[in-house]
């Protein structure tokens, strides 16, 4: 695994574009994935609804980064917690291991067991076991979580056959800036390929988070990969990129899909150079549409005009509306394909903005546009 | 008539044919997956095309409720609405009479349902059924028939058979698009050969593009089942397609094809997939079974489908019945299997090796030679020698 920063955004910003190169072991071709990038969430090895043959209709190699188990020509990144089904249960974690609430009950996972799973799964990248705690725990508990996480990082590395070459050292620290810095600094001393930043999305606010993210990235070596979990919404991802994060995993697509939502926000903001605040508010587009709404019953247009995804090339809003109404599985398949395609497009936009030295401008515009939509009248979303 | 039916191969009663429909040229014998509500559960159109699906079935009753016949009509038909480029068949809505009987009241006028969506009464007349099917626009549409369960006895069966013929005339009169949609008649008459014969003759008189054998696959014993199929296929015209509705299990399809039937439909392959069962040449593989947890073979090593080429039984074991993906993958495999079975039937007849195919099929399904007696009897009538597949009859048999 090799990672290199290819473009720093400059102008005081910390956003960076990079390239993640994963060697092609086992016959798969080596791929270069540009960062910032999105890991597609999987459950038991495959996306929730998009099967292997349909996965190939998504842009590549963008869609080849998979969180958890996966497919031969794809890149697997493993982390201990799954944001949908296996959430960390900090009250049950103890000095022996981290506890998770899973569909089959609460499970305590010790570093040795975790490493057993990692050695048999052989992911391309993996995060060390962390003791994640929510934002409201006591200072003492938070401190203990950092101690444990660092100890477990060493435990994992001790039995790692690759001596840390594919390891992402876990960084926690809750909502305490000092603890975050301590954890990041300590983790940097270990011989790891990059860092997995956990403990977010467990109760802290977006306002707090930016300072915490920056505190962490300030203490991490520039040239190594940074991956953060559980930052879902575009705004949160933008925050992460601004703080210098390279990889994200998100449950946004999954939850949108289950709810019958399809992403429609425009993917052409950077191009609109003569941008005027007035026209922008007038033309404020929806972020997403709820295809269950009756206004789509006879809508013969695709979800997004000129979208190149399988769903938009083949089906109409009306058809998906019908599928949702009659509770047919095909609805979720089509929605997950489109939403994934669209969100990957968003990541591509961010990368382009960074490479063009315009990331901060892109971020401001994007957020402003979303807020404008919220304050304006909008008939298209329920 | 909007179809052409050309027999391209034979073995005794079995035939392989080319069925040219407005949207697609099909090879028979063929199996039609059921896409009740305008979709096959869990599969995309391109996946269906990939596995060789030629015709899919839509259900008039469900589609008329949601999204509604008028909406589909506005869209230019079900083909456009679902973006399915090959052939479609819609049934009349009549089967729901049998399956939802507690909600239905049958009179000469038609069938009154209580709509399960909003409780309002819904009257399905032959005219109404054909009108809806005209709007949906499928290549083949079915006449509204008075279906009775084969487990029922008594005068009701005779009443239903005669009514089916009367309704047939009303359907023909109501049909607005005979140039683009083929109206098939359905032979009823329960398990009574006399009634079946009257019905066949009545329908043949009306010179329809194709004929279906209805009222079966509903719980009757297999011995009665094959005899009715055999009687009907013997009496129906040679040069028109014969569709056995609601069939079914691969074994049943092989037998019916040997007896001279061409088309089949059933929810079985997709439904059983959602319960974790995979169709294999040997029969059925229950992936939920504990033994599958460590089985690293594909579902079927001889199957060329995407699922068998990629996943092991062990992996599927942890998905089935728990994750949507499990249903999808298994449905994909099961329908692949059915499409392959259809192709094998067609090709083996065309290539003059149909009996060998049947024997191979039976040997794989019944390795101990315990071929059911009804199959043996049916094959005898079909003129196919399967003695090498059957263990000799012993007194304990």
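Placement of Cβ uses the backbone N, Cα and C atoms for every residue, glycine included.
The C-beta environment of residue B:93 (substrate binding site), restricted to residues of the same chain at least 6 apart in sequence and closer than 8 Å, consists of B:59, B:60, B:61, B:64, B:111, B:124, B:129, B:132, B:144. According to TrEMBL, the substrate binding site annotation covers B:91, B:92, B:93, B:94, B:95, B:145, B:188, B:215.
The local packing around residue B:91 (substrate binding site), expressed as other Cβ atoms within 10 Å of its Cβ over all shown chains, amounts to 30. Per TrEMBL, the feature active site, proton acceptor maps to B:91.
Sequence-distant contacts of the region 'RNA binding' (B:246-252), counting only residues of its own chain at least 6 positions beyond either end whose CB sits under 8 Å from a CB of the stretch, comprise 95, 216-218, 225, 264-266, 268, 279, 337-338, 341, 361, 365, 375. Per TrEMBL, region 'RNA binding' is recorded for B:246-252 (among others).
Sequence-distant contacts of residue B:265 (active site, nucleophile), defined as residues of its own chain at least six apart whose C-beta falls under 8 angstroms from its C-beta, comprise B:31, B:32, B:33, B:34, B:57, B:89, B:243, B:245, B:246, B:247. Here TrEMBL flags B:265 as active site, nucleophile.
Among the features that TrEMBL reports, region 'RNA binding' is placed at B:270-274 (among others). A Cβ distance under 8 Å defines the sequence-distant neighbours of the region 'RNA binding' (B:270-274), meaning residues of its chain 6+ beyond its ends; these are 33-34, 40-42, 284, 321, 327, 330-331, 333-335.
Taking a C-beta cut-off of under 8 angstroms and a sequence separation of 6 or more, residue B:303 (Zn(2+) binding site) has the following same-chain neighbours: B:280, B:333, B:336, B:337, B:340. DSSP assigns residue B:303 (Zn(2+) binding site) to coil in the three-state reduction, outside any helix or strand. Annotated Zn(2+) binding site per TrEMBL: B:303, B:305, B:308, B:333, in sequence order.
Residue B:94 (substrate binding site) and residue B:305 (Zn(2+) binding site) have their C-alpha atoms 35 Å apart, to the nearest angstrom. Here the binding residues for substrate are B:91, B:92, B:93, B:94, B:95, B:145, B:188, B:215. Their largest Cα to Cα distance works out to 15 Å. In the three-state DSSP assignment, the secondary structure recorded for residue B:92 (substrate binding site) is coil. In the three-state DSSP scheme, residue B:265 (active site, nucleophile) is classed as strand. Note: the region 'RNA binding' (B:270-274) comprises 5 helix, 0 strand, 0 coil (DSSP; helix = H, G, I, strand = E, B). Residue B:308 (Zn(2+) binding site) is 36 Å away from residue B:92 (substrate binding site) when you measure Cα to Cα.
Annotation for the binding-site residues B:94, B:215: lowest Cβ count within 10 Å of the residue's own Cβ, B:94.
Residue B:215 (substrate binding site) sits 33 Å from residue B:305 (Zn(2+) binding site), taking the C-alpha atoms as the reference points.
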